[in-house]
Amino acid sequence: MQSIPIKNVGADNVSQLIDRFERQYVYLRLSVTDVCNFRCNYCLPDGYKPPSHKQQFLSVSEIQRVVRAFADLGTEKVRITGGEPTLRKDFLEIAHTVSQTNGIKKVALTTNGYRMERDIDLWQQAGITDINVSVDSLDTRQFQLITGENKLQSILKGIDRAFEIGYRKIKVNAVLMKQYTAPELDKFLVWIKDKPIQMRFIELMETGEMDSFFQAQHLSGQSVMQRLLQEGWQLQPKALSDGPAKVLSHPDYQGEIGLIMPYEKNFCASCNRLRVSALGKLHLCLFGEEGIDLRDLLSEDTQQAQLEARLKAALQGKREHHYLHIGDSGIRNNLASIGG
């Protein structure tokens with residue numbers, strides 16, 4: 001896909017999602033479930049606990065309507081997230097539905113990789129164009145310690161299979177932690193030397209349930225950035241639909257490094273994504289307050305104009321930046337409910 005110049009928004013601005021700060025939103029992160037089967041120490045260390053009241057996640061038809069509205073307003077990329085989205089029995093139908101929406105050019109999946117080895121061929125057939133998979137350690141025992149699951153070797157086989165069936169690049173996520181991830185940096189670099197993997201280190205973010213863990217494990221991505229720059233890695237330009245990662249490449253490496261540093265100054269200046277939760281709420285920011293309900297406008301196709309009007313109106317309430325730097329993570333107790 002050709003990248004779109006960031007400054008040249010185009011003549012048809014009226015139909016686009018643009019906020020008060022001239023940021024254009026072409027990227028939707030769509031959560032389809034809160035449920036996750038991993039127990040990652042930085043997210044859900046005690047595992048997923050269902051709420052006392054029964055929750056009904058978005059149906060395929062509701063997903064179709066919300067994606068259609070976003071696409072009509074200029075969204076080009078949808079990332080399906082969770083929880084773990086592949087746990088839904090109708091996941092393949094969801095992926096196919098999103099991929100068939102007019103205007104959507106990329107359908108990405110964020111997964112813990114639990115079913116990747118088994119189902120990667122089916123994901124591709126359903127229309128998944130891009131995959132992000134979490135690998136917080138390349139050591140089997142350490143991986144199980146972090147995630148609560150002994151699935152590392154299966155996930156690595158799933159990544160290899162993705163390349164075999166034609167995926168040109170796989171993005172691999174690892175949360176940057178002093179005790180766990182940081183000591184394995186050299187091992188990750190060796191791994192991506194001859195593989196087209198974008199290895200993304202995500203700064204640990206402070207959330208309501210994880211304050212003490214954050215204090216013990218947080219490591220600035222800038223320290224990794226400085227080391228890489230000193231070793232000959234170079235920053236790469238970004239396309240409009242790209243995520244927040246600062247991407248570095250090296251002439252001796254087939255893979256890349258991505259650094260996601262939400263505490264960095266001006267992190268929000270290039271924000272290009274909105275979020276819809278599995279319960280049908282629009283979230284203007286990962287660390288914002290209570291979401292804006294869309295579900296009452298997702299039951300009939302005839303409601304699309306009203307839905308688009310609500311999206312555009314809600315966007316004008318988006319803040320210029322988050323307040324993580326002063327310890328305000330909004331109402332977010334963990335990241336599983338909205339897909340990070």
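Backbone N, Cα and C define each Cβ position, glycine as well.
Taken straight from Swiss-Prot:
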- ARG29, ARG79, THR110, LYS171, ARG273, LEU274, ARG275: GTP binding site (BINDING)
- CYS36, CYS40, CYS43: [4Fe-4S] cluster 1 binding site (BINDING)
- TYR42, GLY83, SER134, MET205: S-adenosyl-L-methionine binding site (BINDING)
- CYS268, CYS271, CYS285: [4Fe-4S] cluster 2 binding site (BINDING)
- 20-246: domain 'Radical SAM core' (DOMAIN)
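For the binding-site residues CYS36, CYS40, CYS43, MET205, CYS268, CYS285, a Cα to Cα distance of within 10 angstroms from ARG275 (GTP binding site) holds for CYS285. Cβ neighbour count within 10 Å across all protein chains ranks CYS43 highest among the binding-site residues CYS43, CYS268. The Cβ neighbour count for CYS285 ([4Fe-4S] cluster 2 binding site), using a 10 Å radius and every protein chain shown, is 19.
Comparing Cα positions, LEU274 (GTP binding site) lies closest to CYS285 out of the binding-site residues GLY83, SER134, CYS285.
Among the binding-site residues CYS40, ARG79, LYS171, not one has its Cα within 10 Å of the Cα of MET205 (S-adenosyl-L-methionine binding site). Put simply, SER134 (S-adenosyl-L-methionine binding site) is 17 Å from ARG29 (GTP binding site) when counted between their Cα atoms. When the binding-site residues CYS40, GLY83, SER134, CYS271 are screened for a C-alpha within 10 angstroms of the C-alpha of LYS171 (GTP binding site), the residues that qualify, in sequence order, are SER134. Neighbours of SER134 (S-adenosyl-L-methionine binding site) among the binding-site residues ARG79, THR110, ARG273, defined as a Cα within 10 Å of its Cα, are THR110. For the pair formed by CYS36 ([4Fe-4S] cluster 1 binding site) and ARG79 (GTP binding site), distance between Cα atoms is given as 17 Å, rounded to the nearest Å. Taking the Cβ of THR110 (GTP binding site) as centre and 10 Å as the limit, one finds 22 other Cβ atoms among all the protein chains shown. Distance between Cα atoms for THR110 (GTP binding site) and GLY83 (S-adenosyl-L-methionine binding site): 9 Å, as a whole number.
Mean pLDDT for the domain 'Radical SAM core' (20-246) in this predicted model: 94. The Cβ neighbour count for GLY83 (S-adenosyl-L-methionine binding site), using a 10 Å radius over every protein chain in view, is 25. Rounded to the nearest whole angstrom, the C-alpha distance between TYR42 (S-adenosyl-L-methionine binding site) and CYS285 ([4Fe-4S] cluster 2 binding site) is 20. CYS285 ([4Fe-4S] cluster 2 binding site) sits 23 Å from CYS40 ([4Fe-4S] cluster 1 binding site), taking the Cα positions as reference.
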